[in-house]
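Asks: Please find one structure pasted underneath; my questions will follow.
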């Protein structure tokens, strides 16, 4: 049964490979920022509808989100499986995180498992989630809050990077906007009449730098002043900071958040300003299911004859899904060149033929893992048991 399923998976993805390559290149060469991915979204929706699938648009109030649903001809009483596609680009460098490849990998896995269910008469439901704005506000979090993923038994997505892994533990990430409000005055004639919001921003940034000496090695803080004033001879009445903090675990994020908020408050007190903090979004740490991850890594290792790389770093809104659902965020090597994400070099590699080949192989691998869940009841029980154990031990970070 597994051999037959593998041939079905390979056939479905190989048949679509040329079309997927075209989709990838169009998305890559026409990068759109978070919540502006109108062309990429339309491209994917058109492809799915032309392939005979139903698609729901404008999901969870997001104009560039969609859900495509397939219900097996054998019935819907089996597993409910979901795959995620991303397609937003980075400012300035385009698809430096390979979201054009993530977009087509989701489609490839969706096509493969719908084919498996159809050919093998396996009951169940398969959904492809078009998830925008991963690089900004976290579209998956908005969709999660709106109940879009409710009822899902298994979620999966793929991501290109340097190396491969089925056990990527990402960092939690909280982004916030800090605004300081002071009083404008002539900087030469009457500086004493002013309240300097620009100074408040500088004090906040310098104090956060000093705070780093007391932070754990895996914690991160970074930010920029987006508005520090308008003219050198005017005491700034307004300033603004965009800031991000990261920790390895959700419980630690709350601790670092409180320390960070005290710094921003202290800067206001020191300068006489008032301030406002707007917490924009929080990504939780990704926790791959170890049973799914192990099988994924075994197949990837047989192809590349290299061990997996289980580094920690970066953040994803898929982490919020992993906290609730059985899931795998499979990492695959972009092109064997060791180029890091979020660089111009990565953007260039993300449109290469080798990157496409590796994407389709990773999609076949991930689809094999999902198919194993569909046809092997004992394996699925192991997956569920591992998820339950992780949920019970969620407070233990040792």
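Every residue gets a Cβ built from N, Cα and C, even glycine.
Summarising the annotation, TrEMBL assigns domain 'Peptidase M20 dimerisation' to 174-267.
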Asks: Counting by DSSP secondary structure, give me helix, strand and coil numbers for the domain 'Peptidase M20 dimerisation' (174-267).
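Replies: Tallied per class, the domain 'Peptidase M20 dimerisation' (174-267) gives 39 helix, 30 strand, 25 coil.
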Asks: Could you tell me the mean pLDDT the prediction assigns to the domain 'Peptidase M20 dimerisation' (174-267)?
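Replies: Result for the domain 'Peptidase M20 dimerisation' (174-267): average pLDDT 97.
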